[in-house]
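Noted in TrEMBL for the protein shown:
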type    : residues                                     : note
BINDING : THR33, HIS65, ARG120, ALA140, SER142, SER180 : L-threonine binding site
BINDING : ARG56, ASN60, THR116, SER150, ARG193, TYR229 : ATP binding site
DOMAIN  : 11-197                                       : domain 'YrdC-like'
Amino acid sequence: MRSTERLKADSHGIARAATLWRDGEAVAFPTETVYGLGADARNDHAIAGIFEAKARPSFNPLIVHVADLPAAEALVNWSDAARAVAQAFWPGPLTLVLPLRPGAGVSKLVTAGLNTLAVRMPAHPVARALLAEFGGPVAAPSANRSGRISPTQADHVARSLDGRIAAIVDGGAAEVGLESTILGFDGAPILLRPGGISGDELSAALGVPVVARSDGDGVSAPGQTASHYAPAADVRLDAKTWRGGEARLGFGPVECDLNLSAAGDLREAAANLFAHLHTLDACGAGTIAVSPVPRRGLGLAINDRLARAAAPRG
Ligand code: TXA
Ligand code: MG
């Protein structure tokens with residue numbers, strides 16, 4: 001055990017976090033999607049610290065966060081399609097998987113030995129300030145123990161990682177609440193993980209349909225395991241009626257313990273999803289039952305997370 005510093009998202013906290021990154025430490029920080037656990041992407045020892053703190057399997061590669069486009073250009077090779085979506089959605093909740101540039105200097109632990117790299121330019125002002133202050137690429141998975149519910153507040157990070165990481169920068173609640181959309185390219189664009197930007201939005205920007213990855217495709221996101229985002233409780237999906245003793249997570253105008261969005265708004269539901277799962281799980285219920293959430297737009301990403309939260313645990 002070590003003591004984890006709690007830093008404010010002011011100039012002092014940002015300078016301290018950047019110093020810790022330079023010293024090879026892992027520091028959690030807010031992004032608009034979820035909190036990330038960041039470390040210097042060029043430092044093997046620092047990256048090993050992330051895998052250790054999260055108990056993350058080493059075959060699961062990390063996303064590298066950059067402050068601006070030139071920083072991303074130094075790391076990966078760009079195609080016209082990749083440039084078009086970056087222009088449309090960066091900074092924002094979109095990660096691009098592109099060919100790693102030889103000599104980019106990224107630790108092999110970050111890519112888990114793949115010849116591609118996942119890159120993202122976050123929009124959160126605190127994340128941007130941290131990346132600018134640090135001045136280098138920051139690898140960051142979500143700041144939770146591997147396989148568990150993702151953190152959208154500094155307290156979620158603390159509950160999962162206190163004593164295991166150097167510091168947490170507190171930037172309030174994450175606005176999007178779901179991880180970034182991951183887009184890969186295998187000739188055509190492939191949706192590797194649904195997320196904060198919908199497949200329809202990507203298709204519109206690219207002018208070609210973006211298809212979701214299916215099992216057996218060559219390109220994949222190795223971290224997309226069936227069980228993920230798992231609370232301690234079991235999860236029952238598409239609950240149209242409630243059973244006794246369950247914690248009730250509603251959507252739309254239903255009676256429940258917590259509502260993702262009483263108004264039936266998918267953006268609001270995405271922002272509340274992980275926080276509500278954390279809260280209901282902390283109540284100690286054996287099962288969390290969840291109302292049906294429409295499978296369109298952001299609802300596809302919400303249902304992806306819920307299906308993994310409900311999947312049999314490995
Ligand atoms: O919103 C987000 O993306 C957050 C914030 C912190 O930026 N990060 C995040 O990281 O969700 P993580 O580690 O929880 O999920 C990263 C996913 C994993 O499923 C991993 O397998 C995939 O990205 N990934 C990373 N590098 C890849 C690569 N080269 N090819 C395919 N998938 C990759
Ligand atoms: Mg994660």
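Cβ atoms are placed via backbone N, Cα and C, with glycine included.
Where the annotation comes from TrEMBL, it is an automatic prediction and has not been curated.
Projection of TrEMBL feature records onto the structure.
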| residue | record | DSSP class |
| --- | --- | --- |
| THR33 | L-threonine binding site | coil |
| ARG56 | ATP binding site | coil |
| THR116 | ATP binding site | strand |
| ALA140 | L-threonine binding site | coil |
| SER150 | ATP binding site | coil |
| SER180 | L-threonine binding site | coil |
| ARG193 | ATP binding site | strand |
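SER180 (L-threonine binding site) and ARG56 (ATP binding site) are 19 Å apart (CA-CA, integer value).
With a cut-off of under 6 Å between the Cβ and any atom of ligand 1, the binding-site residues ARG56, ASN60, THR116, SER142, SER150 reduce to ASN60, THR116, SER142. In the three-state DSSP classification, HIS65 (L-threonine binding site) falls within a strand. The domain 'YrdC-like' (11-197) scores a mean pLDDT of 97 in the predicted structure. Sequence-distant contacts of SER180 (L-threonine binding site), defined by Cβ-Cβ distance under 8 angstroms and a gap of at least six in the same chain, are THR33, ILE63, PRO93, LEU94, THR95, ARG120, ARG193, GLY195, GLY196, ILE197. Annotated pair SER142 (L-threonine binding site) and TYR229 (ATP binding site), C-alpha to C-alpha distance, rounded: 11 Å. Checked against ligand 2, the binding-site residues ARG56, SER142, SER180 give SER142 as the ones with a Cβ under 6 Å from it, listed in sequence order. Nearest Cα neighbour of ALA140 (L-threonine binding site) among the listed binding-site residues (ASN60, THR116, TYR229): ASN60.
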